[in-house]
């Protein structure tokens, strides 16, 4: 991507930031503008580091770091959540929106400081802008957050730092700095919320759907970390390792994740899930329809691979072929949004867990399907999948699912707590 394209992208981001804050201009608006200006300058430092190979970790080779748009996503999400809950009269969750916005700003600022600190020579103008933006953000947090909320923000930052050191080292060239900010920041926030809920769980309180996403995300991440460390000392491509993989997955799932979820929802998770999926006739129709679309997507994969094997030259899936999957995803989500938003929520969580688990099988070459998955999916690789993981389809799922996960129900009238969003604590 040329500098001109980066400037156009930055202009669109600034426009979005100003459009959101023009509706409600408050102290966080000054923070967002200061952070956007600072991230704009720091983005070019990250781009130079990536081009010269001077970054601390091995980030994915890309045209630019994507720091500016990534830095604005979480703060803008928090501001929108704050204003939406304020309009609905939900004071507690209005405070949570403030925490989300503050956390996103602090994570983005941390990543910017990291880039400035390792750039040689140290960029004077960018350092000044970073100091000004940091001072504005910290001053605003001091006058906007309570002590407990400040502790929560720092907890997420601490988890983010540790996850960054672990995952960016174990998974080189899988993320750009902007993607790392969004993915690892999201995981850090989810992990912090799950820990808080587990320590403060109250029997019979809350919707099981709200816990389902938290446990699923943390469960698959912990599963991946466990096997990544384990297969450093073992050859993952043997039948013995594959049997151990499936056995330990069952042990961790049934012995740790299921009891954890049972403690949170106070009922058997499997029985609850079956009852939820087949509760109404509409859900049965949607499940059958989605099964057909999943089979259609698999058919596209098999057809393209058969086409590759029949040609003498190396065949690679075109951009038009990838658009088939975009069409299938849109056809999947639209009926769910219209007829049953909660079913779509749960189905997207299950699909995310399945996608990540299949990626583990492909990455570790787990028999009997690991090598087959490597062969089938290699057809759809492009320059964005330069690392050991294939994340394009997972990013597509996340992009479509995040609005559903964050706002599974519309905000309720004043005095009620429904519509708070799946990631909101009790």
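If you go along the chain as it appears here, the first residue is 1 and each next one adds 1.
Any Cβ shown, glycine's included, is placed from N, Cα and C.
Matching 177-197, 345-365 against TrEMBL, the residues noted as transmembrane segment span 345-365. Using the rule of three or more Cβ pairs under 8 Å, pairs at least 6 apart in sequence, the transmembrane segment (386-407) is in contact with the transmembrane segment (324-339). For the transmembrane segment (12-41), same-chain residues at least 6 beyond its ends with a Cβ under 8 Å from one of its own Cβ atoms are 67-69, 71-72, 75-76, 79-80, 82-83, 98, 101, 105, 108-109, 112, 123, 125-126, 129-130, 132-133, 136-137, 140, 143-144. Taking pairs at least six residues apart, the transmembrane segment (211-232) and the transmembrane segment (282-303) share fewer than three Cβ pairs below 8 Å and do not count as touching. Highest Cβ contact count with the transmembrane segment (324-339) among the listed stretches 92-116, 244-262, 282-303, 345-365 falls to 282-303 (criterion: pairs under 8 Å).
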